[in-house]
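Take a look at the structure below.
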């Protein structure tokens, strides 16, 4: 039985591990989960003796690991390292044979019997045909098999796997872990594996240790520890779980959106009545008690061009001054408009997706060059599109329609020219759908 | 090592040795050589006990026993020593492009020798002692600085080697500018080129113990060298102490290199190329790489030296010959390997 009691490890000033405890019975599989750089590898290094422990004890069958000699320790704990290029090319069977090193005297070389054992271990893993191949020329999956065979030849007691599924394809990932699991059952080997995929951990591990910022976030039987709540906290990523074939599958809550189809684009040249049409639509919706949110920016025209504009929060009808034409080109926004900070804040508030009703129509007037560059209200658009069940109407200048469609991966249900006589009818139909 | 490789090696070495025995400016017949060999123990005993040589030696026997034979033995020893330590260095540094001067050993030796040559009333022995001393000092300095800086990482060791090496190179430049351009400077330059022309039994006696001890040690540790090639973390998980083992092996290899360079000067190529060549034939397994590099290193220097002393009217410094033979041979091996579609070792 392997026991770790209150292990602490500091590297200089930095605390890498703090009060980590665990115990592992023969044949148990422990998965270590955690974000990058939280000390998972350090935990293995402490066991291997290549990192100095500050406090705590490491026990194997009740005997402190520090009191064991290097080769004794190596006969107990075998590491399957992360994939490595070897500077000189050895054959696969030579690589496996090196697992016998701690069983040899300092001046001894492996015997024919050792070679025989090495070949048999390779055969057991179904990799006997690789024996004569050069290790550096093997594929990622084959290399991992060879390194696993080496560790198995080295020790039957404890296997330490450092991210064993890195670089492996879909099939090899399961093949390697199946092999390890089988080894646990047949030989009573204990396994500590650093894994990056919580799903693999819940499939294979009996126990799970979650490390977050040096301390233990959760430790215990896999079934108790593997919850979407723990995983969300562990990786700082909102996670949900689904049950598939008696197996809890974890996935992030937000996945990149597929193309949005629930959107209509209102377009037309300056002064063609885009905002006016939408104001009419807004009035219609309020009449019909259909929920509408978002912003509209009606402008005043002077000398045939937009002179100033107002912003309306459609949620409550609140109005504020928004933009004012000036003669200078604003270097930040690259327009001749000066924006009112109160107006901007109102828009930000209007476009934040709080208390969203599934039938809500979101109107965005308008998606312009600034939004395309991620300024203005650009950052609020993707979260709005991701809302379940909403409808969207965006105002876009004709020359920008193509870029907007590409930027937000849209498949618009309709592109409506505001100058069309039936523009309002089309919009009403879209909202009513 | 297969029997085929073994036979091939022995055959090559044997024929080379035979060839070398007969080659030379002074023609010595088969019978004379046999007679000379009969006198060898007697002569060696006299040399060891510092008593006068037997007076009934023929000139042929004298040339053979006091000039040609020690030179052959020394060539074998130096070549073997350089190639052996090259193989060890390459294994320890996990890099086939490493040569024994990476820790500044050679620079230290050369500086020491130049210092010895400039020292008033310094004899030949004095030069060699200086070279050995400074070579070891250079290796020791590189390793100590690296050990002080970090946990013996390879990269650090290479960098401290560069630092120490360039310090000694700068020192050598200073000595060269101080040297008398008509007497001392040419002596330094010739010493830099390396030559076996001054070979004697006392030279052999200086190199032999270190080379033998070094070989014995490396032979015993050659399987651990394989494991060390995997890198620090894997070799540690296999029960080795990589840092200690590395320092031990490098220290011993540096001693061997220093002894070789101190007795005959700088001889290029052998330490870098012979292990590399052997690797292209037999793979990287140190179980066979260590003994084969040793044998082929000796054979290669013997061949080069025999060529250097008898090919032209004037003796060519052997360092030039090793490069001239070694470089094209190496290129040929690389080409052959490439055309076989083999993986570069």
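Note that Cβ sites are derived from N, Cα and C of the backbone, with glycine treated the same way.
Given the ranges B:176-195, B:316-335, the record in TrEMBL names B:316-335 as transmembrane segment. Spatially, the transmembrane segment (B:125-147) is not adjacent to the transmembrane segment (B:69-89); fewer than three Cβ-Cβ distances between them are under 8 Å for residues at least 6 apart in sequence. Count of Cβ pairs under 8 Å against the transmembrane segment (B:286-304): among B:69-89, B:101-119, B:154-175, B:245-274, B:316-335, the largest is for B:69-89.
Most Cβ pairs within less than 8 Å of the transmembrane segment (B:245-274), among stretches B:154-175, B:207-225, B:316-335, belong to B:207-225. For the transmembrane segment (B:69-89), same-chain residues at least 6 beyond its ends with a Cβ under 8 Å from one of its own Cβ atoms are 17, 20-21, 36, 40, 98-100, 102, 196-197, 199-201, 203-204, 207-208, 210-211, 214-215, 218, 225, 249-250, 252-254, 256-257, 259-260, 263-264, 267, 270-272, 274-275, 278, 286, 289-290, 293-302, 304-306, 309.
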